[in-house]
Amino acid sequence: MKVTNMPTMARSNAFTNWQQSVGQRAAQEPPHNEHEKMLQRSDNIGSVKIPRVKVVLPQAATTILAVISVLSVLTFAKSVAMPVVLALILYLVLRPVMTIFHRWHLPPVVGATICLFVIIGAFAAAMMNLTGPIKDWIANAPEYLNQIEMKLSGVEKQIEDMEQASAKIKEIAKPDEADEPVPVAIQQPKLFPGVEIVSNSGGLVAGTVITLGLLFFLLVYGHTTISNLIAGFEITSSKAKAKDLIEDLQHGMSLYLFTVTVINVSLGIITGLAMYLLGLPNAFLVGVMAALFNFIPFLGAWTGTAIVFFIAILQPFSIGYACVFPAVYFGLTSLEGQFVTPFLLGRSMSLNPLIVFLFLAIWGWMWGIGGVFLAVPILAVLKIIADYFPSMRLFSQAMKC
């Protein structure tokens, strides 16, 4: 007779029931981590489990795609985006002036109106003084070209000799061939030559209206709008952080842009005075050019120097004395860039020349000459934001000189 151990069988059955209950509860409970989620989503092939791997896009790739998308939109919306950015930059430049008006207890509408009248008046005065010299240059362009040819006849003669020698070598090396038919191109006349000019001027007028209109409302309601946006944050820490960021951005950019504007205007006055004392005609035009070109790092100084050289060589000066004018121009711009601006702004707003050149190329490609002028202010804004956020520390370090 077979004897069965009843307590042992009871314990075995109880253990089996406990395993089944634990398995049922585990099947009903949600997974606690990513590993359990992958195991639940796994496919069974025989006795081997192959998990479905979840591919996560890296954060750097997401950031790059976001930047490309923003740049594409800004390029497509150039006619609207560029006036808006220009108005924002002018608002930051004029913030110290509006602060002074506030201390004088002037209403914001009055202060904004004064700022706009000053801007429009300065632009109109500059255009009135520049229109005459520009028309003179266009009308006398053939005569100026003849003068350049006479002064540079020696260099031109060498170039012609080289071209003739090159042409003779090509004729000797080229085999005899039959005369090829001359292609005939039929050019359709334009319906109305002024249509393109009217179209371009219409876009310029629209951009000017957008810039001045937005600038006026920013000067009047900008401070109130920013305060309302900050008050909309529910979390106190986020509200304080946003307030600090906006204050730092306004203060830093206002100081930077206002200082750079004063430096460039002063450079234009000094350069124009120096050209006048040296005897260069249209010295006022050269001074305005120096002030505007100085907003463009590197390229502005080189371009201005070349233009001054061609202006000087057209005058009844010797070649040696004509070289004095571009040398003085380049010397003044170099003195300003190497000593004056670093002394007034300090090292906090110094920018990496490589990053500056890349920004000039990118924004010039996107927005043309307007993008070239706005590239450095945009870079300065990004630098202040990058200094504020730890997640952008790598970009901030790359922009440092």
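Each Cβ is built from the backbone N, Cα and C atoms, and glycine gets one as well.
Look at TrEMBL and you will find 55-74 (among others) tagged as transmembrane segment.
Taken from TrEMBL, the feature transmembrane segment covers 80-97 (among others).
Among the features that TrEMBL reports, transmembrane segment is placed at 109-128 (among others).
The coiled coil annotation in TrEMBL covers 145-172.
If you look up TrEMBL, you'll see 209-233 (among others) marked as transmembrane segment. Sequence-distant contacts of the transmembrane segment (209-233), counting only residues of its own chain at least 6 positions beyond either end whose CB sits under 8 Å from a CB of the stretch, comprise 80, 83-84, 86-88, 90-91, 94, 98, 108-109, 111-113, 115-116, 119-120, 239, 242-243, 246.
For the transmembrane segment (254-278), same-chain residues at least 6 beyond its ends with a Cβ under 8 Å from one of its own Cβ atoms are 89, 92-93, 95-96, 284, 286-292, 294-295, 308, 324-325, 328-329, 332-333, 336, 340-341, 344-345, 349, 377, 380. Under the heading transmembrane segment, TrEMBL lists 254-278 (among others).
Per TrEMBL, the feature transmembrane segment maps to 284-311 (among others).
Residues or ranges marked as transmembrane segment by TrEMBL: 318-335 (among others).
Look at TrEMBL and you will find 355-382 (among others) tagged as transmembrane segment.
Take the transmembrane segment (80-97) and the stretches 284-311, 318-335, 355-382: counting Cβ pairs under 8 Å, 355-382 has the most. A Cβ distance under 8 Å defines the sequence-distant neighbours of the transmembrane segment (318-335), meaning residues of its chain 6+ beyond its ends; these are 151, 267, 270-271, 274-275, 278, 280, 286, 290, 294, 300-301, 304-306, 308-309, 311-312. Confidence over the coiled coil (145-172), given as mean pLDDT on the 0 to 100 scale, stands at 65.
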